[in-house]
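Q: Starting off with a structure, shown below.
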Amino acid sequence: MERTNSIEMDRERLTAEMAFRDSSSAVIRIRRRLPDLLTSVKLKYVKLGLHNSCNVTTILFFLIILPLTGTVLVQLTGLTFDTFSELWSNQAVQLDTATRLTCLVFLSFVLTLYVANRSKPVYLVDFSCYKPEDERKISVDSFLTMTEENGSFTDDTVQFQQRISNRAGLGDETYLPRGITSTPPKLNMSEARAEAEAVMFGALDSLFEKTGIKPAEVGILIVNCSLFNPTPSLSAMIVNHYKMREDIKSYNLGGMGCSAGLISIDLANNLLKANPNSYAVVVSTENITLNWYFGNDRSMLLCNCIFRMGGAAILLSNRRQDRKKSKYSLVNVVRTHKGSDDKNYNCVYQKEDERGTIGVSLARELMSVAGDALKTNITTLGPMVLPLSEQLMFLISLVKRKMFKLKVKPYIPDFKLAFEHFCIHAGGRAVLDEVQKNLDLKDWHMEPSRMTLHRFGNTSSSSLWYEMAYTEAKGRVKAGDRLWQIAFGSGFKCNSAVWKALRPVSTEEMTGNAWAGSIDQYPVKVVQ
């Protein structure tokens, strides 16, 4: 019977934890865990990663275009193998003018073709994260007091929120918008717009100031906000406020969850490839005011406990002259979408509870769903970034188990050999714990994510940029360093972006950094 229970717990991805209250009593908690991200992968995702890691232009150039053009050159000039041998052994042999001219034209044509078709670099010039005014700060105790005094919650759900808040990993200096902290709460369109304007304009003002770029110079604008989509759109709000140019290409992404920030980066990357000599601005945020839940469905109350106010603005460029002043270049973006599966699609779902109150429900399967999406994303990304030795060891282990059905211990690639820094979406303490365990990361690697969760809470799609800002504020970014951003959110989606530092980022570059004035207080000890 004990063996059967163990199998069932493993199948359902459950973990038992025991805590002792006193000498005579103990508490056993059962919670879901992420799947082992690297021991159960599919060859099709490895194949996808290998395919994406190969540059099509380079392959065509060396395998088709270069040999074909060389053959044509030989036919046109009458060069033979004997002529090449004579040229090699006897430097006195001279080529006629027509042959020299043909060779020169050939080399110029091939070089021009290669340069014209190779991938254009996209630079991250700089970014800014919004830091609300001190009046918007709220401690864990203040949040719980506000929750209890509101009158919308039962005693059971108040206690539930207290348990979650004490274990979530948030500190006492996160931020909530005025509409929620007002007595009584003012959850209306006016307050929601005020929150959106404060966050977006605050981040953009800082970005334009630190980069010296004028709003009129921006040719592409992308805004992502999952749960607040007014008319006119948030992107139109920005265009109007900064009086941007009339031919600006603006996009407003809604409903795409916490992973939408990297979707915006990917969209900007593709648009910059099609629009030379351009600047693109990405604004990632979430709006809390109209999405606070005043019901008693526990699956919807989780969002109240972890989501907080925040946003970020990012400036991208494809102008080669901007390389010297830019901080990073974009190396890879990998997007994984599991929405074809009903369980994945429904695990984060906005709906009405039994009393008609709207909220966002987080299903019990969220941990396993996130793990599966992350596993697929990592398997696809691996061949693009891992050293060849790690790829070979991983593939050999995978083939032995999948094709030959051998019972061998799976080889877990060391992603620390591919990246110096990790920015993992600060969605919650439990997810960070499991990702650290499965990727075998040190506390130092997880520090930006854990400290961001503690200082700012879950700011949705912008959390990755608070983490990058933390890494910079600590003076850890050196030229050539590789940084991995991992985001996951509703749909269910998991997205990765890989950046390479073009220069060291000095701790003196703290203008617009949300950690300015408090970075020396971190890291702090957080709930484990």
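Cβ from N, Cα, C; glycine included.
Reproduced below are the annotations present in Swiss-Prot:
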| type | residues | note |
| --- | --- | --- |
| TRANSMEM | 59-79 | transmembrane segment |
| TRANSMEM | 95-115 | transmembrane segment |
| DOMAIN | 114-403 | domain 'FAE' |
| ACT_SITE | Cys258 | active site |
| ACT_SITE | His337 | active site |
| ACT_SITE | His421 | active site |
| ACT_SITE | His425 | active site |
| ACT_SITE | His454 | active site |
| ACT_SITE | Asn458 | active site |
Q: Taking the Cα of His421 (active site) as the centre, which of the active-site residues listed as Cys258, His337, His454, Asn458 lie within 10 Å of it?
A: none
Q: Do you see any of the active-site residues Cys258, His337, His425 whose C-alpha is within 10 Å of Asn458 (active site), and which ones?
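A: Qualifying among Cys258, His337, His425: Cys258, His425.
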Q: Express the distance between the Cα positions of His425 (active site) and Cys258 (active site) as a whole number of Å.
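A: Spelling it out, the Cα of His425 (active site) and the Cα of Cys258 (active site) are 8 Å apart.
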Q: Counting other Cβ atoms within 10 Å, pick out the least crowded of the active-site residues His337, His421, His425.
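A: Output over active-site residues His337, His421, His425: least Cβ neighbours within 10 Å is His337.
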Q: For His337 (active site) and Cys258 (active site), determine the Cα separation and express it in whole Å.
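A: A Cα-Cα distance of 13 Å.
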Q: Helix, strand or coil: which one is Cys258 (active site) in, per DSSP?
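A: Reduced to three states, the DSSP call for Cys258 (active site) is helix.
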